[in-house]
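Trainee: The structure under discussion is supplied below as structure tokens; questions concerning it will follow.
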Amino acid sequence: MRKQSSKNKDDDDTSGEDNEEDTATEIERQKQLSNTAVEEAQEADEELDSIQKIMDDLLAGIPNLLDDKVPDGDDETQNVVVSEWGDIDALPKKLDWTDEFEPKWHDDVATGLNGYQLEAAVKMSGARFVALSGPIARLERALSMFFLDLHTTEHGYTEVSVPFLVGRSALEGTSQLPKFQDDLFAITPESHTCNGEDAFLIPTAEVPLTNLHADSILEEKDLPISYVACTPCFRAEAGSSGRDTKGLIRTHQFQKVELVKITTADKSEEEHELLTSHAEACLQKLELPYRKVRLCSGDIGFSARHCYDLEVWLPGAAEYREISSCSNTGDFQARRMALRFRPEPPAKPKPELCHTINGSGLAVGRTLVAILENYQLPDGSVVVPDVLRPYMGGVEILKL
């Protein structure tokens, strides 16, 4: 019998070692391929996120589609006057202004009544901040109360007390972001965030009022919803350098009573007209002459599909100035904030986008401006409009 060759045994041992080495090498190669694939996937995800952000920013920068009613135009000079109310000579006659009397600017009137503390405010807060005191501060408060009472008792709005600080997503929902970030006052992340988001002071109560129903499905039977709130508003006015630096026309902080409606597409136009009439009622009860203008395509706001401006007469400046903008945004904001309603049977049960409408009812500071200029007397005193006297403790004339 022949003996087994020792050489064959050694060959078998070497072959096994080679196979183990080949397997280890292949495993290492596959690990490297896997790591490379993971890195490439991460890079692709990051690139996709970057592209998605660019696309989202581009889409977010596209303004609302305009209603057919909106006239073509390049700027405010091509807005169309829809109607006028009041006679700019009526109050001067009622208050016995003489031909020689030259009406003062509102800040000069307020200063004469020791109610305008500009230097102290600027020292504390910088340019475009103002402090009011005494009868002027009381008149400002009276206006806020009058507007709120009028809208809640006669116009059917629900008063809401809202936060003055909101997160980024709320401002994206009402389309202030990303386009108008430079006009907002931001809070440092180290100081405060809103649910992990960047935080901002509100530029208008439209933002928190409309966002009360973000990501919601409302019932058609509950619409329209009508809200009103009085809040301070904060605006950096980044694009208005050198404009309206005198007085209360354009400040970084001001009071405003805001009206917001949430409705359906078929009621949208009707509710827009109604909201605008509610803002007009404030001016009419104060007997302040004004005109209603339809904004042209070159002057209309980013989110509006149709907008009326109410412009009040200011005799001190001898011009009409905006005191309220009443905008129908259609489903533009609702789409961004996923605000929908469920139609009533027998309509299709699939939820539809709401329409949102907003307007100033009114800007309190600018209304104060209008009263100081329209109701001033040659001796420097100011007559209190009849509807405000109950809020002023019966005071009829502001004087030193």
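Here the Cβ of each residue, glycine as well, is placed from N, Cα and C on the backbone.
Dumping what TrEMBL says about this protein:
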- THR204, ARG235, GLU258, ASN358: L-serine binding site (BINDING)
- ARG235, ALA236, GLU237, GLU322, ILE323, SER324, SER325: ATP binding site (BINDING)
- 11-25: compositional bias 'Acidic residues' (COMPBIAS)
- 138-385: domain 'Aminoacyl-transfer RNA synthetases class-II family profile' (DOMAIN)
Trainee: Between the Cα atoms of GLU258 (L-serine binding site) and SER324 (ATP binding site), find the distance and write it as a whole number of Å.
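Mentor: Distance (Cα to Cα, whole Å): 9 Å.
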Trainee: Report, in whole Å, the straight Cα-to-Cα distance of THR204 (L-serine binding site) from ALA236 (ATP binding site).
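Mentor: Between the alpha carbons of ALA236 (ATP binding site) and THR204 (L-serine binding site) there are 12 Å.
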Trainee: Of GLU237, GLU322, ILE323, SER325, which binding-site residues come within 10 Å of ASN358 (L-serine binding site), going by C-alpha to C-alpha distance?
Mentor: SER325
Trainee: Please list residues from the chain of ILE323 (ATP binding site) whose Cβ is under 8 angstroms from its Cβ, counting only those at least six apart in sequence.
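Mentor: Listed in sequence order, they are LEU283, TYR290, LEU310, GLU311, VAL312, SER360, LEU362, ALA363, ARG366, THR367, ALA370.
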Trainee: Measuring Cα to Cα, how many angstrom lie between ARG235 (L-serine binding site) and SER324 (ATP binding site)?
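Mentor: ARG235 (L-serine binding site) and SER324 (ATP binding site) have their Cα atoms 16 Å apart.
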Trainee: Can you tell me the CA-to-CA distance separating THR204 (L-serine binding site) and GLU322 (ATP binding site), as a whole number of Å?
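Mentor: Each residue's Cα considered, THR204 (L-serine binding site) and GLU322 (ATP binding site) end up 16 Å apart.
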Trainee: Considering each pair of residues in THR204, ARG235, GLU258, ASN358, all listed as binding L-serine, report the largest CA to CA distance in Å, no decimals.
Mentor: 18
